[in-house]
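Peer 1: Below are the structure tokens for one structure; questions will follow.
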Amino acid sequence: MPKQIAVLGAGSWGTALAMVLADNGHNVRLWSHNSNQVASMNVSHQNEKYLPGIVLPGGITVYESMEDAVRDTAAVIFVVPAKAIREVTAKLAAHLPADAVIAHATKGIEPKTSKRVSEMIEEELQGVDHRPVVVLSGPSHAEEVAKRQPTTLSASSVDMEEAQKIQELFMNENFRVYTITDMVGVEFGGSLKNIIALGAGISDGLGYGDNAKAALITRGLAEIARLGTKLGANPLTFIGLSGMGDLIVTCTSVHSRNWRTGNMLGKGMTLEEALDQMGMAVEGVRTTEAVAELAQQAGVDMPITQGINQVLFHGAKAKDIVDQLMTRLPKHEMNDLQDVLNTR
Ligand SMILES: NC(=O)C1=CN([C@@H]2O[C@H](COP(=O)(O)OP(=O)(O)OC[C@H]3O[C@@H](n4cnc5c(N)ncnc54)[C@H](O)[C@@H]3O)[C@@H](O)[C@H]2O)C=CC1
Ligand SMILES: O=C(CO)COP(=O)(O)O
């Protein structure tokens, strides 16, 4: 049965997810904070800035008023960058529809607080509501979803019924959604892969080859799993769609904003220049800052993340960091992965 769904955030991912919901027959209210974008999208039925050349299906209306966008909806899905989550949740709080599922498809960890996105939403809704939040995450570039190319994701929540509602809303022949109970692992995997994708881009930008990239992906996954497991995730989640799956797509796809930013850094641009050129959310930058500090506090060894943090924020040369990583003390490959399993 067609439902009213609100999607908060009309960037590339919010727009692509709105298209999936509209393809499934739902009436989608896409909320944007930008009045020019609202006016132009409702006339052209395109999102020229973020998904040029894609014509939106019928059933998507763009709203500037949060109150109108979420009124009587069956689900509210956050797809704004992580840095805007608290502000947008506060805007939603006054108008929260009574029975709506609350979900997010944002990837990021907050610097200083180390909070995951679902934790930020829950914190901002404290005193207003205590509904369990669902996360939708996996290897999924907006550019391919908008072309209806086959894509698989995971929906996770502490309440499986809520995750199943999101699975049901989104599933179609191009867009397959699995459910999974480990929300901590899904949010950590989806957020931390962006750090490694920056590294993969840097490596490619420096002119290193596929061996180096495979090493970054594999050893990157080891350190993501080490931290995530210490903080309560199930190690198996990291070989799933939101872990290994998303790490592969983000480290190898030309669509990746994190890989592209890293690539520009590897070729010698400053962070400011690279972010300026991207002009879109590059979540790995803030997440690197957050995770480098979190890993230190938690006493977890994350040499790749710490090295990327040095390059982004402390003026280190990428080539020197690669040399340091390659000349660390000899180690047994599986010791730390065995530790991950032993902590369960
Ligand atoms: N683009 C993709 O293929 C995918 C993106 N994601 C995640 O989705 C989230 C959003 O990313 P994208 O859509 O790619 O970003 P984007 O850069 O394409 O668009 C961001 C949107 O958020 C809006 N925005 C920025 N600050 C805002 C604020 N304070 N209040 C309201 N709206 C605000 C911008 O106007 C823009 O419409 C990120 O966490 C990203 O990691 C997840 C999977 C795939
Ligand atoms: O999360 C994504 C793909 O699953 C998008 O990655 P980027 O933000 O690097 O484009």
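If you go along the chain as it appears here, the first residue is 1 and each next one adds 1.
Heads up, the Cβ atoms here are built off N, Cα and C, so glycines get one too.
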Peer 1: TrEMBL has G9, A10, G11, S12, W13, G14, R257 down as binding NAD(+); which of A142, A146 does it also list for that site?
Peer 2: A142
Peer 1: Per TrEMBL, which one of K83, K107, K112, K317 shares the NADPH site with S12, W13, H33, Y50, A142, R257, E283?
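Peer 2: Of the residues offered, the record points to K107.
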Peer 1: When you measure from each Cβ to the nearest atom of ligand 1, which of the binding-site residues S12, A142, N258 fall under 6 angstroms?
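Peer 2: Cβ < 6 Å from ligand 1, in sequence order: S12, A142.
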Peer 1: By the count of other Cβ atoms within 10 Å, pick out the sparsest of the binding-site residues D246, E283.
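Peer 2: Selected from the binding-site residues D246, E283 on minimum Cβ neighbours within 10 Å: E283.
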Peer 1: Specify the nearest of the binding-site residues A10, G11, N258 to H33 (NADPH binding site), where nearness means the distance between Cα atoms.
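Peer 2: That would be A10, nearest by Cα distance.
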Peer 1: Which recorded positions of Y50, K193, N258 contact ligand 2 in the sense of C-beta under 6 Å?
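Peer 2: Cβ < 6 Å from ligand 2, in sequence order: N258.
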Peer 1: Using a 10 Å radius around each Cβ and all protein chains in view, which of these binding-site residues has the most neighbours: H33, K107, R257?
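Peer 2: Per the Cβ count, the most surrounded site is K107.
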